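What follows is a set of notes on a single structure, which appears directly below.
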């Protein structure tokens, strides 16, 4: 309970201090001392002056005299000036030249500084004095006054009987020391002393006869001091300063800190929260409205309203309106102008309408050219099926990609550009914009969209729909944001924590997806470009097969097709390359290369491998033949517990990459073997008839097809030349 009471007291004091810092003195604070007004940030008691600086604490004595330190206060200005009276300095001598009196002024101004409105003045004959000041830096100056009679010219302080020089601003310590050249013996009768003092410019008028004798018995002179709040600039304090409402902050010209002033049209104390009040110019004769106009006060300003029959001119005066004849011509001119503007506006609206109609017709034209009617007909005629193809609009695609902005590009290849798209429901998709190709490919494209949209496999990238209202069709599919298997094995996302268990699971998932495409899809699909760069991984490292731009649909009554060779070097089936005959065993070969990459951690085609062929398949076979199998396996995956599993996986990879397609297993057999290997239950083994030396020789005999590294040579759909190809890729 005591802790809570203590916290409450602290909070109350904090709020009180915050209000005080923001310029809220207590209501009972003294506002006058004698005939001098005391205005915040000045005050005469705690809680009444600005708490950040004791220099604002003034003293009002019992005689109602206001003091700044020991200096009487004349008045204060909220614009940053304080006028005080400062004692003069003097040194006096008798007729024999002996010093009889010496007063040297030494004054500290606290955080206030001298204003440049002051003048350093010396009065006397054969006299001189020094002014020494300090602040941010030190400053010294002096003044000399020479004369030999009291007939010196009055009103002039040019060095004859009186010397006066400017004083720089910004100094908070003042020391004045008067001196004499010869101690005044020759001028003692009319000038026994040297006087030196600071005085506000224009507040001292030299009279030779009186001033040389005794300075008219004046002992103090008005001096102007500059004051400001704190030691920071307006920019540094931002909104934490003390300036109230309807005021503005400006940096002090007399030193550090800042001052406040009311905005134009307001007056009052800018250091109080509501100190600046609106000036009613209409009752204070501060307006310039003419005799025919009526003044209307507004916040911070005023308006001059003209009576009926008058108008306001450029001089803010009210003059009679123009004659009816001239006004009639003005009306004609305005009517013509307005009519012309309406006609131009109508023409502009008509042009916009025509443009909109043309755009609509163009989108419809593209929709028909890209097979929109065919797609709608086939989807509507599919009956109860799992065909779910969403047709997106051209406007929706443009908004999703921010106008196909380059910052949304995920990747570019030979078959088109992939953009990251954000749909209205904030779901993220990948949008493939193909390169312009042959319009005769439309039926093949529509067929591919229909087939791929029916694929519902967790390890195959899902096609969501397409857009046919653009010059080239767009394909929309799910977005995978964790990179490709290639990136994790060799590239920017290389992950040393990609364990054997991860790699075996990825291989099993890819094999399962390919087996599904080959054997379980409504129409068998051969991917034709299986590689680590086309296998995407999500945040859980789940594999997703992507990029169906090179895929082929295999009719149910055929086992293979004759096609133009297409694929990626290092993964390309040698038999397919040599014969042009495409079947599901081509995907098996490519998968075998991927499995070797998972085992070895090496690229499918590398020209920097020492003591080993550049092709990974040949390198794998060579290492196996020469009993260097352990050297080619990635050291991060092999340990004493998994050597047998890795050897089994290597055997599967070797069987998948046999030279002759008929000797390779089918993908569903590969998937079953890997699944069995993964769960360590039953292992299905294939025939050993191809594991002899002859197979190794065949593998070693595979020629490297090109020296272009991992460049993909994509020609398009094989049955039609020079056509648009659409990759089904995810974000990469």
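Please read every residue number as a count from 1 along the shown chain.
Every residue gets a Cβ built from N, Cα and C, even glycine.
Computed from a predicted structure; not experimentally measured.
Residues or ranges marked as active site, proton acceptor by Swiss-Prot on the basis of sequence analysis: 529. Under the heading disulfide bond, Swiss-Prot lists 234-249, 243-260, 262-276, 282-295, 289-304, 306-318. Here Swiss-Prot flags 404-677 as domain 'Protein kinase'. Taken from Swiss-Prot, the feature topological domain 'Extracellular' covers 24-329, and the record attributes it to sequence analysis. For 351-732, the entry in Swiss-Prot reads topological domain 'Cytoplasmic', with the evidence type sequence analysis.
The structure, with features from Swiss-Prot marked on it.
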residue	record	DSSP class
234	disulfide bond	helix
243	disulfide bond	coil
249	disulfide bond	strand
260	disulfide bond	strand
282	disulfide bond	coil
289	disulfide bond	coil
295	disulfide bond	strand
306	disulfide bond	coil
318	disulfide bond	strand
529	active site, proton acceptor	coil
Rounded Cα distance, in Å, between residue 295 (disulfide bond) and residue 243 (disulfide bond) is 30
CA-CA within 10 A of residue 243 (disulfide bond), subset of recorded positions 249, 262, 289, 306, 529 in residue order, equals 249, 262
Comparing the Cα of residue 282 (disulfide bond) with the Cα atoms of the recorded positions 260, 262, 276, 306, 529, the shortest distance belongs to 306
Nearest by Cα to the residue listed as 'active site, proton acceptor', of the disulfide-bonded residues 249, 260, 262, 276, 306, is 249
Rounded Cα distance in angstrom between residue 260 (disulfide bond) and residue 306 (disulfide bond) is 36
The disulfide-bonded residues listed are 234, 289, 304, 306, 318; by CA-CA distance, the one closest to residue 262 (disulfide bond) is 234
Across the domain 'Protein kinase' (404-677), the model's average pLDDT, rounded to a whole number, is 85
Counting Cβ atoms within 10 Å of each Cβ, the densest environment among the disulfide-bonded residues 234, 276, 289, 318 belongs to 276
Spacing of the two Cα atoms, residue 249 (disulfide bond) and residue 306 (disulfide bond), in whole angstrom, works out to 36
Within the same chain, the residues at least 6 apart in sequence whose Cβ is under 8 angstroms from that of residue 306 (disulfide bond) are 292, 293, 294, 312, 318
Taking only the CA atoms, the spacing between residue 289 (disulfide bond) and residue 276 (disulfide bond), expressed in whole angstrom, is 24
Residues near residue 304 (disulfide bond) by Cβ (under 8 Å) yet at least 6 apart in sequence within the same chain, in sequence order, are 287, 288, 289, 290, 293, 294, 295, 296, 312, 316, 317, 318
